[in-house]
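There's a structure below that I have some questions on.
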Amino acid sequence: MYSAHTPWYDGQVMDYPRRTIACGELRRCHVGTVVVLNGWVHRKRSHGTVSFFNMRDRSGIVQVIVSQEENASLWSTVNRIRLECCLAVEGVVRERPPSMINRALHTGEVEVHARTLYVLSENAVLPFRVDDVVHAHEDIRLKYRYLDLRSQRMQERIALRSRVALAIRQFLSMKGFIEIETPTFICSTPEGARDFVVPSRVCPGRFYALPQSPQLYKQLLMVAGFDRYFQLARCYRDEDARGDRQPEFTQIDLEMSFVSRDDVMRVNEDMLRYVFRTSIGVELPTFFPRLTYAQALDQYGTDKPDMRFKPVLQNADFMGMLGTFTPFEEVVAQGGSIRALVLPGKARCYSRRQIEALESIARAHEAHHLFWLKATGGGLEGGIARFFAGVESEVRRRLSAQDEDLLLFVADCRHRVCCVALGAVRSALIRDESFPEKELFSFVWIVDFPLFEWNPAENKWDPAHHMFSAPQEQYLETLEQDPGSVKGDLYDLVLNGYELASGSIRIHDTQLQKRIFKIVGLDPEEAGEKFGFLTEAFKYGAPPHGGIAHGLDRLVMLMTGSESIRDVIAFPKNTLAASPLDNCPSVLDKRQLDELHLTVHV
């Protein structure tokens with residue numbers, strides 16, 4: 001406690017008054033009461049003989065006042081306190097004068113007039129201001145993550161993550177799901193991304209892998225008869241980091257027996273509606289739209305479409321038979337595709353240089369050019385307009401183009417390249433443009449994926465999702481004859497252009513699983529070594545089953561409007577998969593390496 005004879009902070013304080021109320025809970029009904037607050041100095045200022053500071057804890061902020069006239073010693077002490085110093089304050093709650101009410105704070109109608117104050121912990125010079133962390137370099141924020149986490153925006157994000165996790169558990173428990181933990185140390189398998197591996201001390205030369213997902217174990221739980229399983233599973237993938245990826249992440253993992261694709265999708269829609277309603281008060285639609293993989297590619301140029309941005313790719317093959325533009329004519333003559341993207345009201349918004357920047361995006365996706373037109377004055381101008389003289393009205397009619405619209409085109413003999421390149425331009429425009437629907441949550445299911453995709457580098461078929469997904473029934477007889485035409489019983493859930501969840505109906509038959517192994521080039525010996533325990537389990541009355549996994553980090557990122565999943569994880573890794581906070585990963589000393597029978601060559 002500070003008085004005229006109390007020294008400045010002198011080591012750890014054990015005996016201090018514990019809080020009687022949280023900072024953010026004070027209201028007018030508390031006026032006249034004596035309270036004790038515990039928290040941090042958020043901001044401070046002085047007006048002559050009166051000093052003010054905002055005191056903060058997880059619940060919010062309240063203003064504290066110390067007057068030199070009332071307590072000269074305490075006033076002197078407050079002027080020496082640094083921001084983010086940890087305090088205990090005892091004082092009287094008083095009503096603010098009407099002219100001093102702060103409507104930006106929930107506590108803005110009151111203030112606490114301090115009588116005593118304890119410094120519980122001093123604060124060093126701050127590497128950045130906690131209330132202004134957006135201007136700090138990310139690695140500095142990660143190095144001092146405990147300070148970054150004090151900011152209101154990070155406190156709100158981490159608290160929302162907790163509410164989301166709680167809502168998930170509540171909903172799934174109500175629906176009869178059982179939360180079961182699966183192993184963290186598993187065998188390495190030859191699919192997916194690179195594994196993180198852990199050497200075994202007791203079995204020299206052998207290694208555990210950290211799970212990329214609980215896939216095989218949740219299928220075994222279905223064989224075991226648990227029927228409905230879920231887990232907020234910690235997963236690990238050794239892949240290059242980017243904004244929406246981390247080497248360690250959390251999955252909302254579900255598996256169900258005796259279900260169809262529609263059953264799984266319905267449960268997940270209901271779960272998300274419950275989560276959004278209870279955690280952020282948002283009502284989602286009663287039905288999520290669906291697109292086939294082919295439709296998504298044709299209309300959006302991607303299997304992860306952002307449905308908030310209304311313009312879609314349009315079929316413009318007719319332009320190869322109108323006008324005199326040779327590149328379009330040649331593409332159509334060779335059976336290729338022309339796709340158009342009409343941007344309403346953007347004719348005057350993009351300079352030639354900006355359009356060239358968009359063209360570089362299309363070229364990065366194998367397109368040769370990005371062609372353009374502007375609809376003005378009832379006709380067309382700029383770009384390739386001169387090649388369509390006399391047919392401007394027909395072009396505009398077929399593409400529903402209005403005056404002041406910007407029209408972008410990609411033409412290519414390869415239909416997929418045509419769509420993907422223009423889809424990439426569309427995605428870039430979404431990132432750069434401000435549009436009215438940006439704050440919405442727009443879900444879409446993508447279904448009917450190819451079961452396999454061709455890997456030209458290794459000259460073999462790869463599973464499009466993973467090798468435990470079932471083909472659709474009509475392809476069972478012809479799997480080996482034409483793998484490229486086989487559609488899987490697969491489904492992805494996309495939110496605002498991000499893959500939020502991925503799932504499938506699983507294989508539950510030993511012979512079908514072996515056929516899939518063979519198609520993807522897994523020889524019987526390796527398949528038996530890596531997955532024999534699964535195919536063996538299928539011999540003992542395995543039920544039909546299916547499931548899905550959501551990215552919890554990505555879900556919370558999108559719910560909070562964050563730029564990266566690093567902003568919704570308490571202690572994330574940076575883009576190099578390292579932690580500036582504790583210098584992880586670290587070097588092992590020789591004794592540890594010897595115990596593990598390892599030699600490091602760097």
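One-based numbering along the chain as shown.
Here the Cβ of each residue, glycine as well, is placed from N, Cα and C on the backbone.
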Which is it, of 111-114, 215-218, 315-318, that Swiss-Prot names as region 'Aspartate'?
215-218
The ATP site in Swiss-Prot includes ARG237, ASP238, GLU239, GLU499, GLY551, LEU552, ASP553, ARG554. Which of GLN246, GLN511 is also listed there?
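Checking GLN246, GLN511 against Swiss-Prot: the ATP site match is GLN246.
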Have a look at the recorded positions HIS47, HIS465, ARG506 and say which one has the shortest Cα distance to GLU239 (ATP binding site).
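Going through HIS47, HIS465, ARG506 one by one, the closest to GLU239 (ATP binding site) is HIS465.
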Consider the recorded positions HIS47, ARG237, HIS465 and say which one has the Cα lying nearest the Cα of ARG554 (ATP binding site).
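Minimum Cα distance from ARG554 (ATP binding site) across HIS47, ARG237, HIS465 lands on ARG237.
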By CA distance, which of the binding-site residues (ARG237, HIS465, GLU499, LEU552) lies nearest to HIS47 (site 'Important for tRNA non-discrimination')?
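Closest candidate to HIS47 (site 'Important for tRNA non-discrimination'), judged by Cα separation, is LEU552.
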Tell me, how many other CB atoms lie within 10 A of the CB of LEU552 (ATP binding site), whichever protein chain they belong to?
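Other Cβ atoms within 10 Å of LEU552 (ATP binding site): 23.
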Roughly how many angstrom lie between the C-alpha atoms of ARG506 (L-aspartate binding site) and GLU499 (ATP binding site)?
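Between the Cα atoms of ARG506 (L-aspartate binding site) and GLU499 (ATP binding site), the distance comes to 20 Å.
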Which one, from the recorded positions HIS47, ARG237, HIS465, ARG554, has the smallest tally of other C-beta atoms lying within 10 Å of its C-beta?
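Taking HIS47, ARG237, HIS465, ARG554 as the recorded positions, the minimal 10 Å Cβ count falls on HIS47.
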Quick one: what's DSSP say for HIS47 (site 'Important for tRNA non-discrimination'), helix, strand or coil?
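DSSP assigns HIS47 (site 'Important for tRNA non-discrimination') to strand.
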Are there residues of the same chain, six or more positions away from GLU499 (ATP binding site), whose CB falls under 8 angstroms from its CB, and which are they?
LYS304, ASP492, LEU493, GLY551, ARG554
